[in-house]
Amino acid sequence: MAQVLRRLRSSQPVARFQRCCGLFPAAEEGYVVKNYFYYYLFKFSSALGEEIFYITFLPFTYWNINHDVSRRLIMMWCIVMYIGQVTKDILKWPRPHSPPVVKLEMRAEYGMPSTHAMAATSISFTFCIATINQNKYSLVLGLMAAFVFSTLVCLSRLYTGMHTVLDVIGGTLISAALIALTYPAWDIIDHLMLTSPFCPILSIVVPLLLCYNYPKLEDYSPTRADTTTVLGAGAGATIGFWLNNLYAAPDYPNESLHLNLPPISEMMMVVLAKFLVGVFILLVTRYFIKGMALRVLCSRYQVSVNNLEARRRLEIEVPYKFITYSSVGFSATVLVPLVHDLLGLI
């Protein structure tokens with residue numbers, strides 16, 4: 001068993017997989033692509049575990065699919081990502097060595113478990129489980145789609161040279177275990193999230209405590225910042241859920257605008273309009289709140305905004321990340337629906 005684990009932790013299986021997909025090392029630490037289909041497929045699949053995917057797909061489910069589904073997705077995303085990031089910094093397993101692996105990305109944090117694999121598994125299978133009773137499609141079809149999605153993301157981490165086989169397997173298994181353990185409590189947590197008078201306070205206090213008491217490392221790692229980003233977005237969205245339920249904010253109905261277009265074209269136009277308006281508001285919110293929070297905190301501690309080392313200090317990094325992304329989460333669930341309503345998109 002120990003020999004199998006050592007083999008899975010080694011870089012050789014990753015290097016062989018890269019060569020099978022047409023990726024070869026070149027001089028001066030570069031690489032040669034001989035199969036552009038795999039290259040673009042796995043580069044795109046890898047992006048499905050990045051911030052750009054989270055800031056678009058998760059709000060999209062809230063605006064265009066179902067509020068219940070969106071709440072469960074965000075809840076599982078926060079749980080899985082926090083546990084995955086903390087586990088990285090506790091185990092401190094290195095990423096694959098290069099050479100022999102060709103690395104297409106540069107990341108400073110540790111490798112085990114793969115949080116890309118964890119997020120892909122949790123989001124895809126949570127989405128399938130949460131929607132299967134609300135939509136008329138086959139359970140087998142939903143599970144197959146979730147499997148394909150998570151598999152593509154997992155394989156992309158091998159192709160980009162960011163993880164070993166064991167990192168990916170470990171991330172997938174941890175995520176599957178967390179879904180199985182939390183599933184019986186989904187409805188209870190969701191009810192408390194919507195109705196408890198303590199929800200807004202706990203949504204801020206608990207994530208901040210987790211971020212300020214994050215495992216300390218000798219060298220800087222971006223995992224604390226990434227964790228604060230996730231928990232901040234989840235906190236802002238949760239407060240938005242609670243406020244919407246308290247003030248009975250109108251849900252997005254299934255019907256679309258009455259345009260002189262075929263129903264499918266009409267629906268697609270409304271969905272696209274909601275998405276573009278929403279993402280624009282989120283990006284503007286992120287830009288202005290981040291700049292304001294950084295300026296205030298850097299002024300408070302008398303450091304330059306452009307001083308990267310200073311911005312990595314606990315007393316600056318955690319509050320500015322938390323304020324920025326809690327604002328984004330709140331905007332996605334409260335501000336954007338209000339704008340949609342004003343524009344007649346609800």
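Every residue gets a Cβ built from N, Cα and C, even glycine.
The transmembrane segment annotation in TrEMBL covers 40-62 (among others).
Per TrEMBL, the feature domain 'Phosphatidic acid phosphatase type 2/haloperoxidase' maps to 71-183.
According to TrEMBL, the feature transmembrane segment maps to 138-158 (among others).
Cβ atoms under 8 Å from those of the transmembrane segment (165-186) belong to residues 5, 8-9, 13-14, 72, 75-76, 79-80, 83-84, 87, 93, 95, 111-119, 121-122, 125-126, 129-130, 150, 154, 157-158 of the same chain, restricted to positions at least 6 beyond its ends. Sequence annotations record features per position, and here TrEMBL assigns transmembrane segment to 165-186 (among others).
When Cβ-Cβ distances below 8 Å are used as the criterion, the transmembrane segment (192-215) is approached by residues 71, 75, 82, 86, 89-90, 223-224, 227-228, 231-232, 234-235, 238-239, 241-242, 245, 314, 318, 322, 326 of the same chain, each at least six residues removed from its ends. The transmembrane segment annotation in TrEMBL covers 192-215 (among others).
The transmembrane segment annotation in TrEMBL covers 227-247 (among others). Away from its own ends, the transmembrane segment (227-247) comes close to residues 51, 54-55, 62, 67, 71, 74-75, 77-78, 81-82, 85-86, 193-196, 199-200, 203-204, 207, 210-211, 214, 317-318, 321-334, 337 of its chain (Cβ-Cβ under 8 Å, at least six residues beyond either end).
Look at TrEMBL and you will find 267-289 (among others) tagged as transmembrane segment. Within its own chain, the transmembrane segment (267-289) has Cβ neighbours under 8 Å at 55-56, 59-60, 63-64, 256-257, 259, 261, 323-325, 327-328, 331-332, 335-336, 339-340, 343, 345, counting only residues six or more beyond its boundaries.
Here TrEMBL flags 322-340 (among others) as transmembrane segment. When Cβ-Cβ distances below 8 Å are used as the criterion, the transmembrane segment (322-340) is approached by residues 55, 58-59, 62-63, 74, 204, 207-208, 211, 228-241, 243-244, 249, 252, 274, 277-278, 281-282, 285-286, 289-290, 293, 346 of the same chain, each at least six residues removed from its ends.
Residue counts for the domain 'Phosphatidic acid phosphatase type 2/haloperoxidase' (71-183) under DSSP, split into helix (H, G, I), strand (E, B) and coil, are 78 helix, 0 strand, 35 coil. Counting same-chain residues at least six beyond the ends of the transmembrane segment (40-62), those with a Cβ under 8 angstroms from any Cβ of the stretch are 21, 69-70, 73-74, 77, 104-105, 115-117, 119-120, 123, 127, 149, 152-153, 155-157, 159-160, 162, 229-230, 233, 237, 275, 278-279, 282, 286, 328, 332-333, 336.
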